[in-house]
Amino acid sequence: MISNLFTKIFGSRNDRTIKNLRKTVALINALETQLEALSDDDLKAKTAEFRERYDNGQSLDDLLPEAFAVVREASKRVNGMRHFDVQLLGGMVLHQGRIAEMRTGEGKTLTATLPAYLNGLTGKGVHVITVNDYLAKRDAETNRPLFEFLGLTVGCNVPGMMPQQKKQAYVADITYGTNNEFGFDYLRDNMAFSIDERVQRPLFYAVVDEVDSILIDEARTPLIISGPAEDSSELYTEINTMVPLLELQEKEDEEGIEGDGDFTIDEKSKQVHLTERGQIKVEELLTERGLIAEGDSLYSAASITLLSHVYAALRAHKLYQKDVDYVVKENEVIIIDEHTGRSMEGRRWSEGLHQAVEAKEGVNIQNENQTLASITFQNYFRLYETLAGMTGTADTEAFEFQSIYGLDTVVMPTNKPMVRDDRADLVYLTQEEKYEAILVDIKDCQERGQPVLVGTISIESSEYLSQFLRKEKIKHNVLNAKFHAQEADIVSDAGLPGTVTIATNMAGRGTDIVLGGNWHSEVEKLENPTDEQIAEIKAAWKIRHDAVIDAGGLHIIGTERHESRRIDNQLRGRSGRQGDAGSSRFYLSMDDALMRIFAGERMTNMMRKLGMQRGEAIEHPWVNRAIENAQRKVEARNFDVRKQLLEYDDVANDQRRVVYSQRNELLEEGDISETITVIRGDVLSNIIDQYIAPQSLAEMWDVPGLEERLKQDFLIELPITQWLADDNKLYEEKLRERIEESVGQAYKQKEEMVGDSVLRQFEKAIMLQSLDQHWKDHLAAMDHLRQGIHLRGYAQKNPKQEYKRESFELFAEMLENLKIDVVSILSKVQVRAEEDVEKVEEQHRKSENAPREYQHEEVEHVGGEAPQSATVMARSEPKVGRNDPCPCGSGQKFKQCCGKLK
């Protein structure tokens with residue numbers, strides 16, 4: 001009550017932010033007349049002037065009013081489009097490293113040109129990140145003439161480009177591209193074998209379009225580069241035959257009463273669990289097939305991999321549906337993005353799930369993969385010095401943006417008032433009744449010449465509805481992953497009078513639906529359009545546009561509520577752009593997934609008791625509130641999953657930063673002989689300690705064992721027993737020095753034989769090869785650790801703390817093994833000439849260039865307690881001093897821990 005009173009008197013925080021920014025808008029507007037008087041050449045010269053002023057110490061904030069005014073004037077001349085005041089406000093919010101929530105049709109693409117130009121003046125590179133290749137190419141081509149007029153270069157970064165093309169794209173002042181491609185390039189750069197193979201520059205400034213889709217929806221799915229591992233396709237086929245023999249237990253066991261099924265399903269977390277009866281049955285089936293020994297348990301160390309195969313097969317059959325979660329195309333299983341409804345070719349589920357789905361569908365089973373490199377979007381985007389984003393729907397997730405990325409959300413006012421009529425939801429008992437009501441609504445709109453966009457949450461729903469409309473002979477277009485290629489044409493026609501378009505979720509997002517149809521696409525179809533033809537097309541469009549406005553604008557029909565309110569709002573947001581007329585309504589049934597999981601049987605029974613007749617619907621604010629509460633529950637759970645994923649990945653991220661930073665230093669240094677000497681000293685000291693314990697009596701020394709070990713690891717025979725017999729005063733310290741000196745001399749002789757430059761090159765090649773191999777193995781070990789870490793909760797231990805402790809131990813062990821490997825290889829190998837070095841480099845390149853897959857992992861709920869506090873975004877990383885605490889969290893000094901490698 002009191003907070004509402006204060007808001008009314010002083011305005012909300014958002015209102016105050018907008019009010020302050022409007023002062024700068026007034027300054028920009030005041031410059032317009034002055035800039036209009038400039039010639040094209042004088043306007044172009046402004047870029048060089050701004051760069052000079054920036055180099056002389058002026059900040060970008062000082063240049064902002066003039067720079068924005070110049071971009072607006074250039075846009076008027078090049079594109080014939082003038083930035084509205086709300087777009088100037090949005091540009092300022094983006095420059096400040098915040099999220100601008102701008103409604104559909106408010107011109108986000110044009111808004112992004114303002115901060116992109118301003119930050120592009122630094123020459124450090126600006127990344128404009130979109131959700132798909134089509135939008136990246138479209139926006140780059142649309143804005144290229146504007147930026148080139150102002151003297152800035154534009155690049156486009158999409159999949160399938162050659163390394164040289166990628167380099168050129170990244171060297172540009174402004175680079176458009178997809179979130180996946182920027183992330184994969186970062187991982188590839190950190191797998192490069194030479195500096196020349198790297199393409200990215202240091203990450204400076206990024207504007208993320210559809211920021212909610214990229215930083216929220218896709219944040220649960222890490223980017224993974226993987227390579228093929230062992231072939232186990234026969235095992236998947238064998239286990240696939242077992243699933244039909246297992247029975248579902250409809251209800252959980254109650255108060256010790258044993259159920260009558262083999263497994264249970266948890267729809268909320270997309271998991272299956274074997275019952276005690278199911279475990280016994282699976283063991284019998286595996287024994288029959290000769291996969292485990294008689295009497296062996298499913299949970300024994302030898303059978304634990306079989307257990308993961310069984311769970312993968314059960315999930316594939318019972319939780320993943322064809323045409324909802326994936327499609328089968330050309331003998332291949334292709335994942336469907338649950339948020340956009342698009343097919344994601346090339347992406348695969350991990351942990352054997354994709355192979356299990358392939359076995360279920362009877363298509364070719366591709367090999368499992370080994371992770372070579374991975375990063376979450378949360379940790380990738382936090383590498384940028386400044387991160388900003390824009391979307392039509394961010395306010396519902398403002399807390400998550402702030403707590404995880406440190407990004408404030410500012411809601412932009414619309415250029416024209418919003419007049420869309422958002423009607424209350426209608427809830428029916430059955431799906432059949434719901435679809436009948438939708439049909440009546442569509443027919444009514446079509447008769448009045450009102451275009452309709454029907455949003456579904458899966459391909460299956462869109463095809464069911466399409467079949468329903470075909471029976472009624474209603475002409476319509478379908479926009480889903482199966483018709484991805486025709487997307488642009490379907491969207492451009494969606495605003496025509498009486499047109500019915502069915503779209504999965506937010507397919508076609510990023511492209512505005514223009515009332516009356518898109519006249520630009522009509523002009524583009526003509527080879528050499530004359531002014532008269534264009535005028536005719538525009539006149540015809542104006543008649544259609546006015547007819548659609550009179551009919552009520554674009555009508556949105558939602559066939560189901562999504563688990564996120566934001567995605568429902570995105571669907572609604574397709575209508576009512578730029579003050580246009582429009583309307584929206586959601587039709588629900590008690591059979592819908594969200595209603596079934598959260599409303600349950602109680603509400604269905606209540607509706608039946610109320611004596612609802614067939615075709616009758618409930619329409620009440622209470623129902624809307626109940627649905628919103630259900631959505632909030634799902635959103636809260638998904639937020640916990642993302643936050644938890646981040647906390648676990650932060651542990652790996654600290655290690656990733658250490659490894660990648662040392663790898664980059666290795667690439668940049670021509671001579672790493674000092675590092676090799678230090679490593680050799682450490683390894684040798686540890687080996688000697690094992691056989692000659694520090695400050696121990698000579699009688700306790702294992703001298704023959706030490707001689708044998710040195711022969712094995714360093715290929716050097718030292719007569720230590722003879723040295724001790726010849727010199728009674730050869731104590732421990734002097735003996736150590738003599739051994740180290742002898743090993744060093746042997747290495748020096750190798751250097752003299754081969755040549756200094758050849759050995760330096762060989763050292764670097766071996767160091768890189770060993771580091772990459774150990775890092776891959778470490779990633780696999782970390783994966784296995786995380787999969788089972790939640791079980792520590794049963795032992796009253798905090799899974800996260802246990803994960804941190806054990807992952808640090810694994811990391812320390814990896815560094816030690818790496819040192820031993822490097823020293824051992826360099827000591828043993830016989831390098832005769834430069835060709836040997838080239839052979840090692842070529843061998844490494846071949847292994848690195850083996851077929852790779854770029855994918856999003858299907859993330860499980862990692863278990864453990866919910867994190868107490870979220871990590872706030874750090875925009876820059878200070879250099880870690882050798883005596884500072886190690887960033888990996890061990891509590892040791894950096895030089896005694898991860899810094900040992902350096």
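If you go along the chain as it appears here, the first residue is 1 and each next one adds 1.
Keep in mind that glycine also has a Cβ here, set from the backbone N, Cα and C atoms.
Lys108 (ATP binding site): 23 other CB atoms within 10 A of its CB, across all protein chains. Marked as ATP binding site by Swiss-Prot: Gln87, Gly105, Glu106, Gly107, Lys108, Thr109, Asp512.
Marked as Zn(2+) binding site by Swiss-Prot: Cys886, Cys888, Cys897, Cys898.
Residues or ranges marked as compositional bias 'Basic and acidic residues' by Swiss-Prot: 840-863.
The region 'Disordered' annotation in Swiss-Prot covers 836-902.
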Near Gly107 (ATP binding site), which residues of its own chain have a C-beta under 8 A away, given they sit six or more steps off in sequence?
Met81, His83, Phe84, Gln87
Counting every protein chain shown, other Cβ atoms within 10 Å of the Cβ of Gly105 (ATP binding site) number 21
By Cβ count within 10 Å, point out the most packed of the binding-site residues listed: Gln87, Thr109.
Gln87
Which whole number of Å gives the largest C-alpha distance between any two of Gln87, Gly105, Glu106, Gly107, Lys108, Thr109, Asp512, the residues noted as binding ATP?
17
Rank the binding-site residues Glu106, Asp512 by how many other Cβ atoms lie within 10 Å of each Cβ and give me the one with the fewest.
Asp512
